[in-house]
Amino acid sequence: MASVENRTPNVSVFLCFFVLFATLLLSGGRVSSQTSAVFACDVAKNPALANYGFCNKKLSVDARVKDLVRRLTLQEKVGNLVNSAVDVSRLGIPKYEWWSEALHGVSNIGPGTHFSNVIPGATSFPMPILIAASFNASLFQTIGKVVSTEARAMHNVGLAGLTYWSPNINIFRDPRWGRGQETPGEDPLLASKYAAGYVKGLQQTDDGDSNKLKVAACCKHYTAYDVDDWKGVQRYTFNAVVTQQDLDDTYQPPFKSCVIDGNVASVMCSYNQVNGKPTCADPDLLKGVIRGKWKLNGYIVSDCDSVDVLFKNQHYTKTPEEAAAKSILAGLDLNCGSFLGRYTEGAVKQGLIGEASINNAVYNNFATLMRLGFFDGDPSKQPYGNLGPKDVCTSANQELAREAARQGIVLLKNCAGSLPLNAKAIKSLAVIGPNANATRAMIGNYEGIPCKYTSPLQGLTALVPTSFAAGCPDVQCTNAALDDAKKIAASADATVIVVGANLAIEAESHDRINILLPGQQQQLVTEVANVAKGPVILAIMSGGGMDVSFAKTNKKITSILWVGYPGEAGGAAIADVIFGYHNPSGRLPMTWYPQSYVDKVPMTNMNMRPDPATGYPGRTYRFYKGETVFSFGDGISYSTFEHKLVKAPQLVSVPLAEDHVCRSSKCKSLDVVGEHCQNLAFDIHLRIKNKGKMSSSQTVFLFSTPPAVHNAPQKHLLAFEKVLLTGKSEALVSFKVDVCKDLGLVDELGNRKVALGKHMLHVGDLKHPLSVMI
C-alpha cells in the first residue's frame with residue numbers, strides 16, 4: 001500500500017522523520033499532542049446525544065447503525081466513504097482517520113498514528129517472514145495481542161486510531177518480490193494459520209465477545225498481488241492472469257482463513273487486475289466471495305488510490321463517476337484516498353448508483369466503529385480505558401520481541417559443530433559486514449519508532465570482546481573495503497559476517513532483478529573467510545531468499561544463519577543463537593532458489609504448476625522440482641531429533657451412498673461435500689526425542705504427497721506443531737487429520753476434491769502410506 005500520492009515507504013519514512021525533526025526544532029525538543037482519545041456520543045458534553053438510538057449501548061449494533069445511517073445526508077454518507085472520514089458535528093460524530101498500520105508493531109506509516117513525547121515509540125517485532133519461520137502458531141497470536149494492547153494505549157492518549165490495515169497475507173511465490181518480507185511465506189497453510197492467529201491476537205477482547213473488537217485488523221492485499229515494480233511492470237497496471245485452480249488452491253486460502261477462522265473486520269482489495277478485472281471493482285471477488293461465500297463481518301477497503309488507479313492507470317471506466325459506482329456496486333465500502341469522496345455524489349446524480357448502495361457501504365463502516373466502542377462514549381470508562389504510556393514498550397513486550405527473533409532465526413549450515421561459540425573461550429571476535437551494525441535495517445518496512453535498537457555488533461559486544469569493520473559502506477557494496485576486514489578476521493578467534501539486504505534492495509515498489517548478494521558482498525565474504533583464523537559464521541539479513549551457493553559449498557564458511565529482518569532486539573537475538581543461549585529452531589518459510597531460476601522465470605508468470613511443454617518449472621516447494629539452494633522447511637538445531645510413528649491408519653474408507661456414481665465407475669477423486677465427508681478424520685501419533693543435551697524446540701511437520709490427479713502438488717503441508725524438549729527428553733505429538741479438508745486438493749475448475757488412492761505421509765525422514773478408498 002502506498003499513500004494517496006503513491007509514495008514508497010522509503011519516502012514515507014523520510015517525510016515522517018522530517019516532520020518530526022521540524023516539530024522538535026519548533027517546540028524546543030518536545031512534540032505536543034492531544035492526550036485524550038477522539039470519540040462519538042460524548043453525552044457529558046452534549047446530553048441531547050443520549051436521545052439518539054445510535055448512542056444507546058443497550059441496542060444491538062445493527063439497530064444503532066441503522067438509526068445512524070437514516071439520520072445522515074447523502075453528503076455526510078459520502079464523506080464517510082474515505083479514510084479521512086468527515087465529522088458530522090450536528091450528531092456529535094468527530095472526524096475519524098481509518099488508516100493506521102500494525103504489520104509487526106504499531107507503525108507511524110499512515111496518518112492515523114503518530115508518536116510524541118507522551119509515547120515516543122512502540123515495540124517493533126521482527127518482520128512477519130521471520131515470525132512465520134518460528135512455525136509457532138501461539139506466538140503469532142501472542143504478538144498480535146501485544147500489538148493491540150499498545151495500539152489501544154496509544155489510542156487512549158490521542159495518538160492512534162482503532163483500525164489497522166494489517167496483516168499482509170499474500171503468498172510469497174517469487175523471491176524477487178520486494179514485499180515478501182511482509183508476508184508469512186510461500187505455503188498456503190502456514191499463511192492461513194498466521195493470518196487467523198495474528199488477527200485473533202489483534203481483535204479478540206478479553207471477554208471473548210466476537211461482536212466486540214479490541215482493534216480492527218485488515219487482511220491484505222486481495223488477491224493474487226505479488227508484483228510491485230519489476231523491469232518496468234508496475235502493480236498499478238499489472239494484470240495477474242491466474243487459473244481458477246491456482247486461485248483457489250494457492251492465492252485465496254489465507255484470505256478465506258482470515259475471514260472464516262480469524263473473523264477479521266476488514267479485507268483490502270489490491271491494485272492489480274485479476275484476469276482483466278480490477279480487484280476493487282470485481283463483484284465476483286468482493287460480493288461473491290468475501291461477503292457471499294465467506295460471510296465477512298466488516299468492511300472492504302481499497303488499497304490507497306486503487307479506485308483512482310483503475311480509472312486513470314487501467315482505464316477500466318470512461319468516467320470517474322463510473323469508477324466510483326462500479327467499485328461500490330462490486331462491494332467496496334471504504335476508499336483509501338479521496339476518490340469516492342469526490343465522485344460518488346455525482347455518480348448518484350447521474351443515476352449510476354442508488355443511495356441504497358451508499359447506505360450499505362457506510363453501514364459496514366459504522367458497524368465496525370460500533371464494535372470498537374467508538375460510539376460508546378468516553379474510552380476511559382470502557383474496557384482497555386486504563387491502558388496508557390505505561391503499557392507501551394514494557395520490559396515484557398521488549399523481551400517478547402527478542403524471543404520472537406530467536407524463535408525465527410534459521411541455522412542453515414553448521415560444519416563440525418562450529419556453533420555455538422563458547423563465550424568463555426572467545427577472547428576476540430571479528431564482526432564484519434554492511435549489516436553488522438545495522439539498526440533501521442533490522443526493522444524492515446511498515447515500521448514504527450522502536451523502543452530501542454540492539455544491533456548485531458552491540459549484541460555480540462555484550463558477550464565477548466569484538467573488533468568491527470564494515471567491509472562495505474552500505475548494502476549495495478559497490479566498493480568493498482577489504483583490508484581492515486581481512487586484518488581483524490586473520491587474528492580473531494572467530495568471525496561473524498553480517499550481510500544481506502535492506503529497503504534499498506527489496507521494498508514496496510522495488511522488486512529485485514537478481515537474488516545474489518548485492519554488489520561486492522560475495523567477494524567480501526569469500527576473501528574474509530579465506531584468511532580467517534577461526535570459524536566463520538555468515539548471517540544473512542533479508543526478507544527474500546538469496547543464492548548463497550558459494551557459501552554453502554565453501555568449507556571455510558562453517559555456519560550460515562538466516563536472520564530475516566529481526567526487529568528492534570535482533571542483535572541480541574543473533575548473539576543469543578551464536579553463543580548457544582538459545583538453540584535455533586526456525587525453519588525456512590520459503591524456497592531459496594538459485595539465480596538460474598530467476599534468470600529464466602519471468603516474475604509476471606502467476607502459474608504455480610510446472611509446464612513441461614514450455615519448460616516452465618513451477619513455483620514453491622509444492623510444485624517446483626528443480627535444484628534449490630535451501631528448501632522450504634530447512635533449518636537445523638544444536639540438537640538432533642528422532643521421530644517415531646506410534647499410531648496411524650493405513651486405510652481410510654469413505655462412506656458413500658449406495659446410489660453414488662463413484663460406486664459404479666472408477667472415480668479418481670470425490671467432491672468434498674456431502675455426508676461422506678462429515679466426521680471423516682483420523683489421528684496420527686508420533687514420538688519425538690531430543691537426542692542432544694541442550695533444550696530445544698522442534699517443529700514437527702506433517703506433509704502429504706497425494707495421488708497424481710488434477711495436477712496435484714508433489715507435496716503439501718497438512719499440519720505443524722512446535723514442541724519444547726529438554727535435553728534427552730521426548731514427547732508425544734498428535735495430529736488430527738480431516739480427510740476431506742486436510743487431504744483435499746483443488747481440481748482444474750476450482751472444485752475441492754479428495755483424491756482416492758495412496759497418499760504418502762511424511763514426518764521428518766519417516767514415510768507412511770495411507771490409502772483413501774471407497
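Glycine too: its Cβ is placed from the backbone N, Cα and C atoms.
According to Swiss-Prot, the feature signal peptide maps to 1-33, an assignment based on sequence analysis.
Here Swiss-Prot flags ASN136 (among others) as N-linked glycosylation site. The Cβ of ASN136 (N-linked glycosylation site) lies under 8 Å from the Cβ of GLN407, SER697, THR699, LYS722, each on the same chain and at least six residues away in sequence.
Secondary structure at ASP303 (active site), as computed by DSSP, is coil. Marked as active site by Swiss-Prot: ASP303.
Residues or ranges marked as N-linked glycosylation site by Swiss-Prot on the basis of sequence analysis: ASN437 (among others). ASN437 (N-linked glycosylation site) counts 18 other C-beta atoms within 10 Å of its own C-beta, drawing on all protein chains shown. Classification of ASN437 (N-linked glycosylation site) by DSSP places it in coil, neither helical nor stranded.
ASN437 (N-linked glycosylation site) sits 35 Å from ASP303 (active site), taking the CA atoms of both as reference points.
Here the Cβ of ASP303 (active site) has 25 other Cβ atoms within 10 Å, regardless of which shown protein chain they belong to.
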